[in-house]
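Engineer: Can you keep this structure in mind? I'll have questions shortly.
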Amino acid sequence: MTTRVLTVSRIHTVAWPLLVAWPLGVLVASFTIAAAIFAMVGDTGSDTNFTGGVFSLFGIALAFYLQAMTQTFPFALGMSVTRRDYFAATLIVTAVQVLVFGVMLYGLSLIEEATGGWGVGMRMFAIPNYFTSDPAIQLGADFAFLSLTAAAGMFLGALHHRWRVVGLFTLGVGTLLAAGAAAFVITWQQSWPDIGHWFADVPRSVPLVWLPALVAAAGIVAAWALVRRATA
């Protein structure tokens, strides 16, 4: 079975531009633009100049897993690949991508810190450093949020494949109603300070690593529940 799953995982190499080239290309472009802007602006009076360019990598990764469930999955079923083998193969690709990109982001954050923000005081990769100085948590946060991105893409893609736009709209409206109801109850009970204190008091690893990892695991389980009943 292991050999079969590894063979199936090669299906994803067809989309290697979306898996590797586009995330890296967009990341390089975002970095170059941000660095050029901060170099031109000069001293902004801030210790660090934040740019969210790194999130472009997460966006492209999300797109890959969306198409993996909406386009590659039906193709694999047409090639007589079982749902279990395809999903396991996708998880292997996910693990490799998360490992490689996670280590890459952490390595770039170390260079960013060592060079004083690439010489222009820019903070693009060392975002976890805003919240913790623990290297293990910083690396774990990169892994956790990359995993969360992949899980979200797989879940949303599987949801669209199973129920199309109706499924996505239902999820969106349901999430909006649930979030609104939660905000109403929290405001009514005047619990916002308590929530803020909880985030401030718990170990940094909880919101940065364990919570996103837990949500990612739930997303993967939900995606599998949808995929195992989906048709081509």
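Here the Cβ of each residue, glycine as well, is placed from N, Cα and C on the backbone.
Summarising the annotation, TrEMBL assigns transmembrane segment to 20-41, 86-108, 137-159, 166-188, 208-227.
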Engineer: Restricting to CB pairs under 8 Å, which listed stretch, 20-41, 86-108, 166-188, 208-227, is in contact most with the transmembrane segment (137-159)?
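Structural biologist: That would be 208-227.
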Engineer: May I ask for the residues of the chain that lie six or more residues beyond the transmembrane segment (208-227) and have a Cβ under 8 Å from a Cβ within it?
Structural biologist: 69, 73, 83, 86-87, 91, 128, 131-132, 137, 140-141, 143-145, 147-148, 150-152, 154-155, 157-159, 161-162
Engineer: What residues in the same chain, six or more past the boundaries of the transmembrane segment (86-108), come closer than 8 Å to it by Cβ-Cβ distance?
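Structural biologist: Beyond its ends, the transmembrane segment (86-108) has Cβ neighbours at 5-6, 8-9, 11-12, 19, 23, 54, 57, 61, 65, 68, 73, 76-77, 124-125, 138-139, 142-143, 146-147, 150, 154, 220, 223-224, 227-228.
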